[in-house]
Amino acid sequence: MLLDGGILSTSVLGQRVAGVDEVGRGPLAGPVIAGAVILDPECPISGVKDSKQLTAPARERLAALIQAQAVAWALGRAEAAEIDQFNILQASLLAMERAISALSVVPDLVLVDGKHCPPTVCPVRAIVKGDQQIMAIGAASIVAKVARDAEMIAFEESYPGYGFGIHKGYPTRAHLAALKALGPCSIHRRSFRPVRRFLEA
């Protein structure tokens with residue numbers, strides 16, 4: 001389904017189409033998480049769009065609807081250590097691959113947001129700005145964003161003082177100040193330049 005209300009049927013010619021997107025490429029800490037969603041063409045979900053265009057309450061409401069009504073949905077992740085090991089692009093593709101593999105229904109076609117396709121046994125196509133065009137990709141971005149935000153909020157208790165629940169690991173002024181005062185913790189991405197700078201100081 002297209003987000004403008006037109007149809008790129010979620011079952012193109014009877015095929016099961018999975019939308020895939022990741023969140024968390026830009027933060028200095030925490031995992032990158034990918035969502036994979038196969039929507040039910042008989043149950044369109046109003047309001048689905050790129051997760052960045054939604055408020056947190058709207059994302060949470062839509063994530064619950066997506067999880068309840070989708071044919072299948074799943075999450076995949078790559079940890080900070082894997083991001084440091086492989087680089088953020090390869091870690092993002094790994095998270096996508098894991099999300100696709102975790103689906104309870106095998107898709108006939110996978111549509112991925114962006115320019116790069118993850119390795120998968122299914123036919124896959126990358127669509128630039130797909131999260132703004134394809135409903136299943138928008139849905140994937142929503143479930144991934146809600147899951148990652150919840151995890152970063154939970155890290156507040158494990159790693160007090162960094163403000164992860166507020167900035168979600170992104171390089172805000174407050175986060176950089178906390179890094180300077182406390183140094184990196186175990187979920188920081190040591191290969192990212194701002195974190196590496198504090199490690200080398």
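Yeah, the Cβs are placed from backbone N, Cα and C, and that goes for glycine too.
According to Swiss-Prot, the divalent metal cation binding site annotation covers Asp21, Glu22, Asp113. Its own atom aside, the Cβ of Glu22 (divalent metal cation binding site) has 30 Cβ atoms within 10 angstroms in the protein chains shown. In the three-state DSSP scheme, Glu22 (divalent metal cation binding site) falls into the strand class.
The domain 'RNase H type-2' annotation in Swiss-Prot covers 15-201.
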Confidence summary (mean pLDDT) of the domain 'RNase H type-2' (15-201): 95
Same-chain residues at least 6 apart in sequence whose Cβ lies under 8 Å from Asp21 (divalent metal cation binding site): Ala34, Gly35, Ser51, Val112, Asp113, Gly130, Asp131, Ile137, Gly138, Ala140, Ser141, Ala144
